Amino acid sequence: MRVKDVVLSWMAFPETLSLSIRQQALIEIERRAFAGVAAYPASWIIVCYAENLYHAAPLPSLAVTGWFLVIFAARLALHLKYERQVLRQIETARLAFLLLLAPGPISLGALSALSLSTDWLYPAHDSLILITAVLCAAATLNLCVDRIARILIPVLTVVPPAIFLALAPDDESPTILPLAAIFVTYLIVSSENISRDYWTLAEARQRIQDQADSNRVLSVTDHLTSIPNRLYFYQLFAEKCKAAAEAQSCFAVLLLDIDHFKQINDGLGHAAGDACLIALGAFLNRLLSPACHLFARYGGEEFIVAAQVKDAGDVARIAHEICEGISMLRVPFDDQLLNFTCSVGYTLLTPPIAEDYPDRVIASADRALYEAKRAGRNTVRGVAWQ
Ligand SMILES: Nc1nc2c(ncn2[C@@H]2O[C@H](COP(=O)(O)OP(=O)(O)OP(=O)(O)O)[C@@H](O)[C@H]2O)c(=O)[nH]1
C-alpha cells in the first residue's frame, strides 16, 4: 500500500456510512470551522492594542497581523468553493481543509512559545497563553467530530509552548507543564465522546434513510414481476402527460392483457400462471426503456404502458411489437415450455394535450383492449382519444 493510500484511509470517515452522509458531515465540519476562523486575527489584534504592541514593535506586530489575515483569506477562498469540492472529490477536499486548518493554531501556539523568550512579545505573554487555551478548547470541541482535527488542534496549539517550557524551564514550568498535559488530555478524551455520539447518530440516520429508500422502492414495485406497480404508474402518469403536452408531442397509453389466462391457471396451476407473468414482466423490461416508457403491472394479468410517440404509426408499431414478442415467448415450467398470447388496446392523444384525465385516458385504452378481445385475441386495436 502506498503512503498516500495509508494517509487517505486514516483520514477517511467511517466507511460504513454512505458517501452522501460523509460529504454532508465534511461540509458541516468546514462550516463550523469557518465560523471560528475570524477569532484568530481578531484576538491577535485585540492583544496588540491592549498590550500596546503596535507602538512597541510595529513591524513584527503588523507582520503577524498580515499573516493571520492571509490565513483568513485562504480559508475564505476554500470556504466559498468547498461544497463543490467535497461533492467532486471528498478526499482531496478533506486534505485541503486540514492543511488550511493547521496554520491558525500553529501560529498562535508559536506566538505563545515565543512570548516566553522574546522581548517585544513578553508583555502579551499572559494574554497569549489565555487566548491560546481558550481558542484551542473552543476549536477542538467545535470540530471534534473530525478525528484528525480534534487531535491536530490541541497538539499544534499547546505542544510548541510546552516543548519550549520543557527545554528552557522557568519558575512557571512546574505548574504550567502538568496543567497543559491535563488540559490537552481532557480535551481529547471529552471530544472523543462527543464525536462518538455524533457518528452513532449519523449511522442511525443512515439506517433510517436506507430503510426509507428500500420501503419507497418496495411500495412502487410489483412483488411478483419486479416491474413497477400501478401506484408507481399513477404517481408518474401526470408528469409524463405534462412533458408530452409541453413538447407538443403525441402521447399513447397501451393496455395489454394475457389471453385465456384463467385456463393456464386452471390447467397447470397458479405457479405456471406466475411463471408466465414473471416472463412477461422480464420481456417488457427488455423491450421498453424506463427513460422513454412508463410501464407497470396494472393488476392481475393486465399491464400498462404510457409513452410519447411520434404518431399513430409509432404507437401501432409498439403495440404489435409487444403482441408478437409475447406470442413468441417460451416459458420453462416443470419440464415443458409454456407459451401464451396477449391482446393490446391503445389510445392516442394528439396535441394540444390536457393533463388532468388519467382515468379517462386509461378507460379509452381499456375500450380498445375490449375490442381486441372481441376480435379474437392475440391482436391489437387502437382508438383515437376524443
Ligand atoms: N397465477 C396468477 N394468476 C393470477 C394473478 N392475478 C390474477 N390471476 C388470475 O388471472 C385470471 C384472469 O382471468 P380472467 O379475468 O377470466 O381472464 P382470462 O382468462 O385471461 O380471459 P380473457 O382476458 O378474456 O382472455 C384469474 O384466473 C385470476 O385468478 C397472479 O398474480 N398470479
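Heads up, residue numbers simply count up from 1 along the chain you see.
Any Cβ shown, glycine's included, is placed from N, Cα and C.
Whatever TrEMBL says is automated annotation, not expert-curated.
Over in TrEMBL, the protein carries these features:
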TRANSMEM  53-74  transmembrane segment
TRANSMEM  95-116  transmembrane segment
TRANSMEM  128-145  transmembrane segment
TRANSMEM  152-169  transmembrane segment
TRANSMEM  175-195  transmembrane segment
DOMAIN    249-385  domain 'GGDEF'
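Sequence-distant contacts of the transmembrane segment (95-116), counting only residues of its own chain at least 6 positions beyond either end whose CB sits under 8 Å from a CB of the stretch, comprise 8, 11, 26, 29-30, 33, 37, 40, 43-44, 64, 67-68, 71, 74-75, 78, 82, 85, 122, 124-125, 128-129, 131-132, 135-136, 139, 143, 148-149, 152-153, 156-161, 163-165, 168, 170.
Sequence-distant contacts of the transmembrane segment (175-195) (same chain, six or more residues past either end, CB-CB distance under 8 Å): 133, 136-137, 140-141, 144-147, 150-151, 154-155, 158-159, 161-162, 165-166.
With DSSP states grouped into helix (H, G, I), strand (E, B) and coil, the domain 'GGDEF' (249-385) comes out at 59 helix, 43 strand, 35 coil.
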